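Feature annotations, courtesy of TrEMBL:
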- CYS85: active site, nucleophile (ACT_SITE)
- HIS180: active site (ACT_SITE)
- GLU182: active site (ACT_SITE)
- 207-406: domain 'GMPS ATP-PPase' (DOMAIN)
- SER234, GLY235, GLY236, VAL237, ASP238, SER239, SER240: ATP binding site (BINDING)
Amino acid sequence: MQHDKILILDFGSQVTQLIARRVREAHVYCEVHPCDVTSDWVREFAADGRLKGVILSGSHASVYEVDDRAPDAVFELGIPVLGICYGMQTMAQQLGGKVEGSNSREFGYAEVRAHGHTKLLEGIEDFSTPQGHGMLKVWMSHGDKVTQMPEGFKIMASTPSCPIAGMADEARRYYAVQFHPEVTHTVQGAAMLNRFVRDICGASPDWIMGDYIEEAVARIREQVGNEEVILGLSGGVDSSVAAALIHRAIGDQLTCVFVDHGLLRLNEGDMVMDMFEGKLHAKVVRVDASDLFLGELVGVSEPEQKRKIIGRLFVDVFKAEASKLKAANAGSQGASFLAQGTIYPDVIESGGAKSKKAVTIKSHHNVGGLPEQLGLKLLEPLRDLFKDEVRELGVALGLPREMVYRHPFPGPGLGVRILGEVKKEYADLLRRADAIFIEELRNWIDEATGKSWYDLTSQAFTVFLPVKSVGVMGDGRTYDYVVALRAVQTSDFMTADWAELPYGLLKKTSGRIINEVRGINRVTYDVSSKPPATIEWE
Ligand code: XMP
């Protein structure tokens, strides 16, 4: 179960996680840690002999503004190091070179000339000049630049405005680039990272999801022994994959609790039960708590208050179920583990030492703090995995693709898609309208890519607006509700563009909703990007 590993030190760039994803795509295991870990920590991390290389990330800051440096141990272990952007600058400065500040920033597409046939770039190019120089199409984003290389380094890449756009000391296996190989705009970026981790570091490419199941199953069995586990199943990707994996490991020692808060999508509850109880034969307790949730939401229209009520009730219901299960199993100890679908980005974000002074735009519905309240130990079998790996794992575990590649759905469910006060009548109308929209997105195939518009969008849904508008149907006047369709494209959900859906698709969806869902007589399309709008309306 021991993998070779790459350490990625995070200096605070927005795209550090992408480095890790590219490394994992090369089937090499890696971990992201904050740049201010100590040298002792690094040595300890390397003590098992599995650490094959280090990557220093970029940063939004200048080496003159902050004093973040790589721990000295990084340069004492005798293993390869790759510096990216800020990582290159700090490497240069720490090893005796010079970095100069600049008022102007180079930002965006650049063509870089490769020099010196270094092992990192050898044979990797996008095109070559008539003089035979290999050229790379890259993404640059920097203000400062290295003006003098440390001893032992030679130029590896350059542009007219950044003569030292890459440098290498091949004897020590230190490489650095001013551009960002981790972003897809750098066309050969994945090839460069692949070259670094596999050929230069010599890390073995043994990080494969199909094999990972066996490893994870063994680990879960060892951790759980013959104790019992409960898991809150929401129907979302993470909790579903966690449930399937744990069930594979320990079968009936797992009990899933599925809380139906009355704010789920059309037929969602039945689908979850059918999959987990029907097909996987897992133990699932379905709790119909819709009256409780909808009752507590009467008269509440403020979004944050709604979110808090839903979050609190969820915890209450879950706790009550957990103690019921314990009572029903008199004689046995009841569950001693609570399983959660925490994934690696959550781990990186909560462990990040860089001060994240973000304001709370929306309080997220999650079950933080629940294990302590319940006196349970935590089981988080997905904590090493990125979302795309979780999906791959789900498919490998036999979950249907359609479930595993579903768009994200917020914890408070339709509660934040019904503006203002939530009523059952509204939720019922919204569920039907939304199901039509999703069905049309799945059916509408884009000719250029051969993909459905469901797959071409990152998230799509319908929002219920509690206002009435006048319409005409047949010979009669209608005075009914309005819905908004929302579809966005995004890679990280931090920023998002509204999707340019085909007019034909919008037309068909709107026609079907108005004809099939009595009570809605107007459909609008949301053309707001994030920022300044958010993806959900509340
Ligand atoms: P916003 O609306 O903040 O949404 O642009 C960004 C992403 O987060 C999802 N979202 C949530 N997910 N619990 C969740 O698990 C929540 O309370 C929650 N609120 C928003 C939203 O659907 C989008 O994918």
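Cβ atoms here come from the backbone N, Cα and C positions, even for glycine.
In TrEMBL, annotation is done automatically, which means it is predicted and not curated.
Everything TrEMBL records as a feature, shown here on the structure.
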| residue | record | DSSP class |
| --- | --- | --- |
| CYS85 | active site, nucleophile | coil |
| HIS180 | active site | coil |
| SER234 | ATP binding site | coil |
| SER239 | ATP binding site | helix |
Practice problem: Determine which residues of the same chain, besides SER234, GLY235, GLY236, VAL237, ASP238, SER239, SER240, have their CB within 8 A of the center of the CB atoms at the recorded ATP site, and list them by sequence. | Solution: LEU233, VAL241, ALA242, GLY341
Quiz item: Once the chains shown are all counted, how many other Cβ atoms turn up within 10 Å of the Cβ of GLY235 (ATP binding site)?
Solution: 21
Exercise. Among CYS85, HIS180, GLU182, these being the active-site residues, pick the one whose CA is nearest to that of VAL237 (ATP binding site).
Key: GLU182
Self-check item: Neighbourhood of GLU182 (active site) by C-beta distance under 8 A, where only residues 6 or more apart in the same chain count
Solution: VAL15, LEU18, ILE19, ARG21, ARG22, ILE84, GLY189, LEU193
Quiz item: When the number of other CB atoms within 10 A of each residue's CB is tallied over all shown chains, which of the recorded positions HIS180, ASP238, SER239, SER240 has the maximum?
Solution: SER240
Self-check item: Most Cβ neighbours inside 10 Å, all chains, among the recorded positions CYS85, VAL237
Solution: CYS85
Practice problem: Between SER239 (ATP binding site) and HIS180 (active site), find the distance joining the two CA atoms and give it rounded to the nearest Å. | Solution: 33
Quiz item: Within the chain of GLY236 (ATP binding site), which residues six or more apart in sequence place their C-beta under 8 angstroms from its C-beta?
Solution: GLY341, ARG406, PRO408, PHE409
Quiz item: Quick one: which of these recorded positions, HIS180, SER234, GLY235, ASP238, have their CA within 10 A of CYS85 (active site, nucleophile)?
Solution: HIS180
Exercise. Ten-angstrom check, please: count other Cβ atoms within 10 Å of the Cβ of SER234 (ATP binding site), all chains counted.
Key: 23
Quiz item: Over the domain 'GMPS ATP-PPase' (207-406), what is the model's average pLDDT?
Solution: 89
Exercise. Write down the Cα-Cα distance for HIS180 (active site) and ASP238 (ATP binding site), rounded and given in Å.
Key: 30
Quiz item: If we check Cα distances from HIS180 (active site), which of the binding-site residues SER234, GLY235, SER240 wins as closest?
Solution: SER240
